[in-house]
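See below for the structure under consideration.
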Amino acid sequence: EGFSSVKFFLSLYRFQACVYFASVFQAMSCGIHYLASVFMAVTPNFVCGFPGNVSSVLFHNSSASSIEDIWTLWTSTENYIVVQLENREIWELDQCSRSKREGSLDLAYEYEGNKSVFPCSDGFLYDDTKWKSTVVTQWDLVCDREWLAKLIQPTFMLGVLVGAVIFGDIADRLGRQRVIWFTSAGQFVFGIAVAFTFDYYSFVIVRFLLAMVSSGYLVVAFVYVTEFVGIKARTWASMHVHAFFAMGVMIVALVGFLVRTWWVYQIFLSIATLPFVLCCWMLPETPFWLLSEERYEDAQKVIDTMARWNKVSTPCKVSELCSVQQDDLASGRTGDNDTSSTKKHNILDLFCNWQIARRTITVWLIWFTGSLGYYVFSLSSVSLGGNEYLNLFLIGAVELPCYIIACLAMDKLGRRNTLIPFLILSALICVLIMFIPQDFNILIILANMAGKFSIGVAFGLIYLYTAELYPTIVRSLAVGSGSMMCRVGSVVAPFCVYLRSVWIFMPLLLVGIMALLSGILTIMLPETLGKPLTNTLVEATEMGRNKKSCSEKTPPAHSGAALEKIEMFGQERVSTDK
C-alpha cells in the first residue's frame, strides 16, 4: 500500500507536486468546518435555574454546598436536584421545569406534598466540567429551543449543497484560480466571524456562508488538481484529496481536546487555513481552462513556467496543442454519424431506457448511501462512550488507509467487484454493532471504525465509477446529479443521528438497510475496468448487455504523440464534494 502511494507522489513533476500539495492542504480546512459542530454544539448536563442564592444541595443521598459538586453524580436526564435557598425556600430542579415545595422546611429528596410548578425563567445551570462554553449554553438551546440546536448541522450541510452548485458554475465561467482565492479567503474570514456572532441567528447565517465557501473550495480544488496532475495520476490524486479532508477531521478532535470554549475553539480551527490564504495568490490558472477560453498567451506562460520548474528543455507549444485538438474534433465529426452529440441533454436522458434508468437509480442510491453512512459514523462517534475526542480522531484516521485500499482494489479487482463487498460489509457491520453489549466500549469503537472504513471505500470509489458508467454526452450530468444526491444524504445524516433518541440503533439500522440495498443493486451494474469510455447512450446501454462487444469498442483515435501532449490539458472535468 505504502509503495503504491510513494509511486503516485513520485509520478508528479516538481511543479505539479507543489500545486497539488498547496491545493489539497486547504482541503483539510473543509474537513475541519464540516465536522466542527460535533464539539461546538454539544449539549452538556443541565437543570433549571433558581431564584436566589443556594445554601445547600441534595441529590439522592448526597449533599453539597453547590450544584457544581453534584454533576459528577448525574447519570440520567430523568434525575432532579433539590436545593434550599438562603430564604429557606426548597426547590426541585428538573431539566425543563422547576417546582417549589409548599409548606415544607425539611430538606429531603423525596417529597409527596404540594408543589407549585414554574417555567425556567431564570435560565439554566450547565455542567461545565467538560466544556466551559458551547453554543448551546451560550444561547440556551435546550428544552423548547432544542430544535434550534438540532438545525445547526443540517443548515450547514444545506449551505454545502448551495455552495457546490454556485461555485462550480462560477469556476467554469471565471476560472478556477479566482474561485480558489475567494473561497480560501472566505473560509478564513467567515470562520473567524462565526466566533464573534452575537446571537443564534447570526451564527447560523455566517455558518451557512462558511459552508458555501468550504464546499465551493472542495469542488473547485478537485477540478483544479485533476487538470494539473494528468491522466495517469488522476485516480490517486482525487483519492488523496479525500485523505486530506480526513486529516481535517482529526484536527477537529485534537483542537476539541485542547480547547473547551466554543468561540476560542472556532478561532483555532479557522487559523489552520491562514497559511494557504497567504500564499494561494501564487497559484496559476490551469492551462486547460485558459485554452477553453481561448487565452492562448496566458496558457503559454503557464506552460513555460511548468517547463522551467520541471526542467523540460522543449516545452509544449499552444499552437501545436490547438492544431491537435482541431484535428481530433474534425476526425470525430467525420467518423461519427450519431447526431446525438450535438443535441442538448438534460436529466431525462439518464432515464432514456430501462437499462440506463436502472443504472441511474442504483448510482444515485450509492451516492446517497455513501454520504449518509459517512456522516452518520462521523457525527455519532462522539456518542459511543469512552473518550469522544479519541473516537473522532480514530474515525478520521481510519479513512487514510481506506482510500489506498480503494485505489488498489478498483485497479486489481474492478470497480463493481470492489463496491459490492464493501457495501454489503458495511451493512453487516451495522447489524453486528447492534449485538455488541453497550459496556464493551472498545469493541463498539472498533466496529464503528470498520463500518466507516467500509463505507469510505465505497464512497471514494463511486466518483470514478459513475464517470465510467455513462457516455461522454451525459457524463458530467451523471456525476453532477450523483453529487447532488450525495449532498442530500449529508443534509439528511444529522436528522438520522438524532433518531438515537428514539432508539439508539436507529441510525445504524437505516444505514445498514440502505447499504445492503445498494450492494444488491450494484450486482446489476456492468464492470468498467479496462473498458474504453463510451460516447453514446447506445454504447452505454450495450455495455451492460454484451461484455464482449463492449470491450472491443475503441474510443476515437488520437495519435500517441498528440495524446501525450494534451494529457494534462485535455482531460474531462469531474466535480465532487463531501
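Backbone N, Cα and C atoms are what each Cβ position is placed from, and that goes for glycine too.
So that you can see what the record holds, here are the features copied from TrEMBL:
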type: TRANSMEM; residues: 12-36; note: transmembrane segment
type: DOMAIN; residues: 72-530; note: domain 'Major facilitator superfamily (MFS) profile'
type: TRANSMEM; residues: 147-167; note: transmembrane segment
type: TRANSMEM; residues: 179-198; note: transmembrane segment
type: TRANSMEM; residues: 204-225; note: transmembrane segment
type: TRANSMEM; residues: 237-257; note: transmembrane segment
type: TRANSMEM; residues: 263-283; note: transmembrane segment
type: TRANSMEM; residues: 361-377; note: transmembrane segment
type: TRANSMEM; residues: 389-410; note: transmembrane segment
type: TRANSMEM; residues: 417-436; note: transmembrane segment
type: TRANSMEM; residues: 442-465; note: transmembrane segment
type: TRANSMEM; residues: 477-497; note: transmembrane segment
type: TRANSMEM; residues: 503-525; note: transmembrane segment
Interface-richest range of 12-36, 204-225, 237-257, 477-497, 503-525 toward the transmembrane segment (263-283), CB pairs under 8 Å: 12-36
Region pair the transmembrane segment (179-198) / the transmembrane segment (477-497), three or more CB pairs under 8 Å: no
Intrachain neighbours beyond the transmembrane segment (389-410), with Cβ under 8 angstroms and 6 or more residues off its ends: 1, 4-5, 31, 35, 38, 235-236, 239-240, 242-243, 245-250, 252-254, 256-257, 377-378, 381-382, 418, 445, 448-449, 452-454, 456-457, 460-461, 464-465, 529
Beyond the flanks of the transmembrane segment (361-377) by at least 6 residues, Cβ under 8 Å: 157, 395, 419, 423, 426, 448, 451-452, 455-456, 458-459, 462, 465-466, 469, 478, 481-483, 485-490, 492-494, 496-497, 507-508, 510-511, 514-515, 517-518, 521-522, 524-525, 578
Touch test for the transmembrane segment (417-436) and the transmembrane segment (237-257), at least 3 Cβ pairs under 8 Å: no
Winner by Cβ pairs under 8 Å against the transmembrane segment (147-167), considering only 12-36, 237-257, 477-497: 477-497
Contact check, the transmembrane segment (237-257) vs the transmembrane segment (503-525), 3+ Cβ pairs under 8 Å, seq sep 6+: no
Positions whose Cβ lies under 8 angstroms from the transmembrane segment (12-36), at least six residues beyond its ends: 156, 160, 180, 184, 187, 191, 210-211, 214-215, 217-218, 221, 224-225, 228-230, 233, 237, 240-241, 244-249, 251-252, 265-266, 269-270, 272-273, 275-276, 279-280, 283-284, 305-306, 309-311, 378-379, 392, 396, 578
Tertiary contacts of the transmembrane segment (442-465), as residues 6+ beyond its ends and Cβ separation under 8 Å: 235, 238-239, 242, 363, 366-367, 369-371, 373-374, 377-378, 380-381, 384-386, 391, 394-395, 398-399, 401-403, 405-406, 409-410, 415-416, 418-419, 422-423, 425-426, 429-430, 432-433, 436, 479, 482, 508, 511, 515, 518, 528, 574, 576
